[in-house]
Structure formats: structure tokens, C-alpha cells
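The structure appears below as C-alpha cells.
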Amino acid sequence: MSKKVLFIDRDGTLINEPLDNFQIDRIEKLVLEPYVINALLILQQANFQLVMVSNQDGLGTSSFPQEDFDRPHNLMMQIFKSQNIFFDQVLICPHLAKDKCHCRKPGIALVAPWLVGNKIDRTKSYVIGDRETDIKLAYNMGINSLRYNRNTMNWQAICNYLTSLNRYAHVKRITKETSINVEVWLDREAPSKINTGINFFDHMLEQIATHSGLCMTIEVKGDLYIDDHHTIEDTAIALGTALKQGLGDKHGINRFGFLLPMDECLARCVIDLSGRPFLEYTAEYSYQKVGDMSTEMVEHFFRSLSYAMACTLYLKTEGKNDHHRVESLFKVFGRALRQAICVESNVLPSSKGVLS
């Protein structure tokens, strides 16, 4: 899985940058920025990895001897380590601007190995720094940036921003039968936009969105001139994939959801976001269709969804009216999903240490 990484500037961001010569070349110049210890601890707990990236003009020359740099820098690293703050890498460019090297920020030579393949999650990784060069570095890396400022964007503000829930996923699925575009926001209650070409199916998907407390955009073009099978099946696969991606590593989620609401139908749902796909489904219908949706496709929808989402799902409904029976399943699934995806801690809810 791609990693969430924070590429953090040193002088002026982690520690105060002196205005006399812009060098921390003596131990007495070493001053941590306010709230930095607490913020980095929280960010580590939120599964961000830390990488330090710093320009140190003329390091190793007579204007900035290596030993003058090492003493305060090593003390800083010891302080961080003593507080259980660990940097995966410390990347330093020793050159001057006139050297025109490729490793000096905003150049990306120092961070290039991190950009290979899918090593980092580019949507959830950031450069944090106090200078325009840090912002340009983020742009060159194709990731986000936060400009540190002790007054307007300090470590408390950065920590709050990065740990506020904003789980999101976008999935495009194109086959010979269907073209599907799905976006899900797991922590945003807002009107959803759903268009599958099957009116009753749209209504059912809206029940999931409404009762789970998430926002969805689903746009589908399918071979409805044949029947509704491919459209419903592929929508389930795309939606399940998006939900799985949006959940990320699942740290802190409840994982389990259970609901048994009484209405004109008795519907039951038990869900476990276990990483193990399984469906047990119990429902009987009197007719082949409800509106323009085949009733046999209800089970197939939830089976495809559970396998794409990698969850264990038990569904059962009893009642007299087919419309109400089908609707009760989508509603109860949404309500159980709301419980399961809710974040209440930083702990992974598994004794195995992983929920793949």
C-alpha cells in the first residue's frame, strides 16, 4: 500500500531559523518551533511517515564547517528520538544556489527515490515548509503542500488539518459492457449524484448514501438495451472498490456493524470489514422486477459489492411488499456501514495487525 509521507523542512519549520546568518551552527541557537513535538507524535500515530528535507548553504565549507552543523543537528535528532519521533530519512543539500545542482530545493533529486512507482500516496502526502521553495518542491513532486507560519499555520493548525477525517476514493471502471465513474467521500454528508440509467437502482443507491452518512457520485453508461445485469454488477464492483480504497488501512474504524430495524419489513444486516469477502443472503420476492430493476440482481449486487469491498456481509429481510423488502436491505446495509466505518481511535481493530 502507498505510504502517507510528510517531507518536512528543517530551519524555520522544525526549529527556529536565526536571522543573523540563517545557520544553526551552535547548540545555543537550537530552538524547537512551538508545538512541534506533540504535533509530530500525533501525525506519526495517524500513520504519516516523516522525511526531513533541508537546504544547508555551503555545508562542509569554511563558511559552514560540517562539525558546526553536526553538533546542534545531532542534539535535535536526539531530542526527537527521546520523544519517540523518528524520521525515515534526513535529506540535506549542501550546495549554494549558484552551484545550480539538482538536489537543492525546489529540485527533486534528493526525494526522487520516493517518487518511484506507487511508493507514496500522492493525494495524502505533503511538503511542509516555511519558504516558497518548499511549495515549489511539492509542486514538482506532484503532491500537496502546507506553508508553515508560526502565527497563521503553526504545528497545531497543521496537525488539526492533517488529522481531520477526509477519506475519499475515485474509481473508474471501463469494460466492453459498461463505463463507470465512482467517487466516495466517507466523511462528508452531502447530496449524492447518482445516474445508472436504472431509476429504482438509483433510488436504492441513494438509500446507502443517506443511511451510511457518506456522499457518492456515480455515473454509469451500460448496455441496458440487453438487460440490467452488467450495469448493476459493475456498479457494485466499482462502488465496493471505492469504499475499500477510501477506508485505507482501516486504523481506528469500528470494523463491525449490526442493525435490526423494525418497519413494514424486518431487515437484518451484520457487516465485518475483515478483508475476507463473504455473503449470506436471505430474501424472497413475488415478482421479477421492482420498477425497472430485476429483483434477482439485488443479491448479485451485494455479492459483487462484498467481494470488491472485501467484507463479510449477512443480509436478511422479511415482509410482504417487494419494494419495501428490497429497500429495507439497502437501508439496513447503509446503517450498518455507518457503524463499521466510524473512526473512534488510532488502533487497528485486529489482533493480526492487518485488515487487508
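Even glycines carry a Cβ here, placed using N, Cα and C.
Checking the candidates ASP99, ASP121, ASP130, ASP187 against Swiss-Prot: the one annotated together with ASP9, ASP11 at the Mg(2+) site is ASP130. Scoring each of the recorded positions (ASP9, ASP11, ASP130) by how many neighbouring Cβ atoms lie within 10 Å, the top position goes to ASP9. Each of the binding-site residues CYS93, CYS101, CYS103 was scored by how many other Cβ atoms lie within 10 Å of its Cβ, and the smallest score goes to CYS101. Long-range C-beta contacts of HIS95 (Zn(2+) binding site), restricted to its own chain and to partners at least six residues apart, with a cutoff below 8 Å, comprise ASP57, GLY58, CYS101, CYS103, ARG104.
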